[in-house]
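Student: Can you keep this structure in mind? I'll have questions shortly.
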Amino acid sequence: MSTAFTTPSGHHAPAQTATAETAPAPSSAPGTALQETNRGPAGSPRGTARRYTGRIRGIDVARGLAILGMIWAHVRPAPDEWGTIAHFLSEIPSGRSSALFALLAGISLAILTGRNVHYTGDQRRHAQLRIAGRAVALLGFAAFLNVFSSMIAVILGFYAAWFLFALPLVGWSARKLAVAAGVVALLGPQVMIAFNYLLTTAELYDVGGPNGFLIDVVSMGTYPGLAYMAYVLGGMAIGRTDLTSSLVRGRLFVGGLVLAVLGYGTAALATHTFAKPLAQDVDLLPEFSPIAPQAWDFFAADPHIHTTTEVLGNLGVGFVVLAVCLWLSSLARHVLYPIAAVGSMSLTAYVGHAFGLHFKQDWLFAESIVPFLVVAGLVVAFCTIWALLPFRRGPLEWVMYRFSQWFALPDAVRPAAPAAEPATGPLVTSPAAPIDPADGTGGRAS
């Protein structure tokens, strides 16, 4: 299964230079500007909104961390003893890195469709066509990886499905998207369990059959939409706010802490009190199954179990990580440059590492940290060197960008292109560009 590009790879649009209309506001983050836009029904003005522009490098840092977390999940060594501090630390990226990736995919969708002031009319339609084109391209990359990387749960195909699921919602406000994310987080896992039980008992699910892919991306795959769309919608809600605002970043951090405590705290409390059976009876019971879970499984928050508590906890961790990365945006120009470079071409990094592991499948069952250091080191080195070259995008990001432009070509109206600044590498060009990964089904998940 492929993992994907919340853009796990970033598309880079040219960055705007400050003009009379786009002069940086006092509260803007370095490298960003504010642009006035008129909003109103049927295109009529209804007050003036200000759209921030410029690349937010903190998003690249967060995306880079998500990619490195997924690499760790794929090649991490098995701990000598379970339940130890080493085991706990080893498990932190599992499930949370792919959730962060999905959250960033939602932010990418918001950026593609107008940032904090969503596009309307022809601009929105063209953006939707480009997103659909990216989804088609991601499906192609996912199919390629699924041929070679059978031992990895490729996220790219799922990523493509999330893009398509979100297309009708790109005109929603931050408030509506946040409410939708909450509804999916609370109800999606329960609906998924009931749906999976119905499909299985009625023998309607056929692995590899015509309905197999659709059912996988909705409920039965490694990254099911009924759980992961909470992350995507949450990311879209965040992307509809002004990410250059210190107030927004502070609220994101505090809200993340609350969600993490609520999700993981509820899971810890519930699974260690009334929900679990007596210790002497555990061996008599079956293992967890998403088809027919035990009562306490509804409260667990283990990686990839897709319960409400896990989704809320993962959302909280994602919010906190993103807020910290946004605060550290200035470091992406030097100290965190290598990680930001990985995030700026996450699609290339993801596809490259997954394809490379096809030739070293024994590393998926590593007994030491060496395979991770080698894979992560090669990915970081390649992305850093490429980012220093005079290219606007990573290799596969360029392919994705060109395909999405071609896909949307019949649409005559495009969003006005901002004034370009000289390109000196993916990290220096373009507003916070979106990424493009996808997902698959089977193998080791991240």
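Each residue, glycine too, has its Cβ placed from N, Cα and C.
Here's the feature list from TrEMBL:
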- 13-33: compositional bias 'Low complexity' (COMPBIAS)
- 55-243: domain 'Heparan-alpha-glucosaminide N-acetyltransferase catalytic' (DOMAIN)
- 315-402: domain 'DUF418' (DOMAIN)
- 1-50: region 'Disordered' (REGION)
- 420-446: region 'Disordered' (REGION)
- 95-115: transmembrane segment (TRANSMEM)
- 127-145: transmembrane segment (TRANSMEM)
- 151-170: transmembrane segment (TRANSMEM)
- 177-199: transmembrane segment (TRANSMEM)
- 211-231: transmembrane segment (TRANSMEM)
- 252-275: transmembrane segment (TRANSMEM)
- 311-328: transmembrane segment (TRANSMEM)
- 335-357: transmembrane segment (TRANSMEM)
- 369-391: transmembrane segment (TRANSMEM)
Student: Considering only Cβ pairs within less than 8 angstroms, which of the stretches 151-170, 211-231, 252-275, 335-357, 369-391 has the most against the transmembrane segment (311-328)?
Tutor: 252-275
Student: Taking the domain 'Heparan-alpha-glucosaminide N-acetyltransferase catalytic' (55-243) alone, what is its mean pLDDT?
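Tutor: Across the domain 'Heparan-alpha-glucosaminide N-acetyltransferase catalytic' (55-243), the average pLDDT comes out at 91.
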Student: Could you give me three numbers for the domain 'DUF418' (315-402), the DSSP helix, strand and coil residue counts?
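Tutor: Tallying H, G and I as helix, E and B as strand, the rest coil: 72 helix, 0 strand, 16 coil.
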Student: Would you kindly list the residues that approach the transmembrane segment (252-275) from elsewhere in its chain, counting only those six or more residues past its ends and only Cβ-Cβ distances under 8 Å?
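Tutor: Hits for the transmembrane segment (252-275): 238, 295-296, 298-301, 307-324, 326.
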Student: Among 95-115, 127-145, 151-170, 335-357, 369-391, which stretch has the highest count of C-beta pairs below 8 Å with the transmembrane segment (211-231)?
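Tutor: Comparing 95-115, 127-145, 151-170, 335-357, 369-391 against the transmembrane segment (211-231), the winner is 151-170.
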